[in-house]
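Visitor: Look at Swiss-Prot and you will find HIS41, ASP108, GLU119, ILE120 tagged as Mn(2+) 1 binding site, backed by sequence analysis. Here Swiss-Prot flags GLU80, ASP108 as Mn(2+) 2 binding site, drawing on sequence analysis. Taken from Swiss-Prot, the feature motif 'Nuclear localization signal 1 (NLS1)' applies to 124-139. For 184-247, the entry in Swiss-Prot reads motif 'Nuclear localization signal 2 (NLS2)'.
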Amino acid sequence: MEDFVRQCFNPMIVELAEKTMKEYGEDPKIETNKFAAICTHLEVCFMYSDFHFIDERGESIIVESGDPNALLKHRFEIIEGRDRAMAWTVVNSICNTTGVDKPKFLPDLYDYKENRFTEIGVTRREVHIYYLEKANKIKSEETHIHIFSFTGEEMATKADYTLDEESRARIKTRLFTIRQEMASRGLWDSFRQSERGEETIEERFEITGTMRRLADQSLPPNFSSLENFRAYVDGFKPNGCIEGKLSQMSKEVNARIEPFLKTTPRPLRLPDGPPCSQRSKFLLMDALKLSIEDPSHEGEGIPLYDAIKCMKTFFGWREPNIIKPHEKGINPNYLLAWKQVLAELQDIENEDKIPKTKNMKKTSQLMWALGENMAPEKVDFEDCKDIDDLKQYHSDEPELRSLASWIQNEFNKACELTDSSWIELDEIGEDVAPIEHIASMRRNYFTAEVSHCRATEYIMKGVYINTALLNASCAAMDDFQLIPMISKCRTKEGRRRTNLYGFIVKGRSHLRNDTDVVNFVSMEFSLTDPRLEPHKWEKYCVLEIGEMLLRTAIGQVSRPMFLYVRTNGTSKIKMKWGMEMRRCLLQSLQQIESMIEAESSIKEKDMTKEFFENRSETWPIGESPKGVEEGSIGKVCRTLLAKSVFNSLYSSPQLEGFSAESRKLLLIVQALRDNLEPGTFDLEGLYGAIEECLINDPWVLLNASWFNSFLTHALR
């Protein structure tokens, strides 16, 4: 059959049919009858359109070899044979310019004379049966249907055959010729039956003996035999009478399926209230590093030694003072805590041998900041179960917060490139198989795009801090250990650099369960003045601790240096996941890989190299109020990585709930965009489930805002 198709049809038609089948994941060499059917249908569509024009008076005329200078317009726009995206673009354009309703399914042609879409059918069965199937599927009076058969019969909507007798006769003759050619090669019966689905191998295949008994034993309840079950499955229509199926499930279920249209969805309601505040475990875009290059000091690699060396690079220390107090805290204690850290670091330097770790003195300011002796005493339930009014500890509802612009700025900054490399190319052995070669090529390209990304810096910073804190929590349970916040990178010139962001002081950490909390005080350097966005720093007490000279285009300028101090807490399970933040690199690489795979399957070759090296091509990155944002493949890699990193940094029950529930609405909207006629019940219930997760979390609120932008542009 494949040879016949390639001999019988124009090469352009054969190529289009192959492309169409590949787009749907079908193989022309295997599904040869389908290959022949698609070629036949394409040829009929082209013949339907051939020689039909509209002259300058708007009249329909037939021109087979006329004056090339005549002002003629093709009567039919051919939609069949284009790839799906381009076909829908053509359909949308026609609808916008002519005002006709957009069809739910892709039609084959548009008739500019009659101003209507046309669906062409070619059948090996009775024309009226096929016509009814088409009409039931399309469910539109706007689209004209015209069916041809291989026996010379035809059927059209309202018996309106559109074309003149001679044009239709040409199509019927061609179909009859194809049928005769197939019959002479012994291909016709197989081709005819493949549409009707007559005797298939499965129906002739008898299951006997043990397999038959196993099949009968494996039936779902209420089915007496395999035939009984098969008949039910064959007659089952998955989209039919959902209401009826729901009512069979439970007497309480009473759902009416409502059609989901472009006008159905509303935007998510974001909460009102004061702007949301920063809640990450460490500073992100506002962090400041004290750095040493090519470290070679004694004890290099020991955090405390590295930290002291970094501190010595800065000479602008000043007497600290509070410039943005924490509203609920005892702010002088935060000031005293920083002074204590400075004093104890000075003490270390005065010693003959610097210790590897430093445990802070248990001063009143640190005991207050770390919540020492503040936890309510735990009492065994057995000792108090007889108390009449025993009740759970009452906690207030969280205060609603509104979206603030700082979180979008944080995200934008996380997508940017820094001047340092934060990850090395993994040293993995030689590739031994072709698939390994492709995998390492993809990994290398991806690493090159993200190694300098600020989100990658956040990963390495998060891994370091969580590892150090978990180690200290286990090794020094009763001590207030001082933990430097350190990261390592390479400069553009390839020199090693060690960075100090600040310090953590860990509280008591007898962590028995995964969720037991260890308190810590973080003290982080910054050049950001907290008075510019005070709402962002609600949970912080900010000190001014020095002046830093910065090189700018106009020379050196002096800027105040701040210390952001806050009490925070984490648990074993959170630290365990924090230590594994490198997984974010893997997740975003897999997302990029699925994009490469989709491209490669269409082109039938590995597209990794073209994907990363074609710098002129842009890709969709995300939605914004302006529309779909596009960027280079590197920008896509960095954006996907930043999203994954922020999901880790801002992980919360609100994010889990929002992601799970909003995904359902996203799938419904996607089905509508794919013209699948989705139906819903209790849509307001779904909105309620999504919106109850919009409370005060900055990352969730930003995602909800992005979701609203997506809804606006997806349903235009």
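Here the Cβ of each residue, glycine as well, is placed from N, Cα and C on the backbone.
A quick note: this is a predicted structure, and the numbers were derived from the prediction, not measured.
Please go over these features one by one and say how buried each is and what sits next to it.
Guide: Under the DSSP three-state reduction, ILE120 (Mn(2+) 1 binding site) is assigned to strand. Residue environment of ILE120 (Mn(2+) 1 binding site) contains 22 other Cβ atoms, counted within 10 Å of its Cβ in all protein chains.
Here GLU80 (Mn(2+) 2 binding site) comes close to HIS41, LEU42, CYS45, ALA87, LEU106, ASP108, LEU109, ILE120: these same-chain residues lie at least six apart in sequence, with C-beta atoms under 8 angstroms from its C-beta.
The list of residues near the motif 'Nuclear localization signal 1 (NLS1)' (124-139) in space but at least 6 beyond its ends in sequence, with Cβ under 8 angstroms from a Cβ of it, reads 103-105, 145, 147-150, 153-155, 191-192, 195-196.
Confidence annotation: the motif 'Nuclear localization signal 2 (NLS2)' (184-247) carries a mean pLDDT of 69 in the model.
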Visitor: Near GLU119 (Mn(2+) 1 binding site), which residues of its chain come within a Cβ-Cβ distance under 8 Å, counting only those 6 or more away in sequence?
Guide: PRO107, ASP108, LYS134, ILE138, THR143, HIS144, ILE145, HIS146
Visitor: According to DSSP, which kind of secondary structure is HIS41 (Mn(2+) 1 binding site) found in, if we only use helix, strand and coil?
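Guide: In three-state terms, HIS41 (Mn(2+) 1 binding site) counts as helix.
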Visitor: Measure the Cβ-based neighbour count of HIS41 (Mn(2+) 1 binding site), defined as the other Cβ atoms within 10 Å of its Cβ.
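Guide: I count 20 other Cβ atoms within 10 Å of it.
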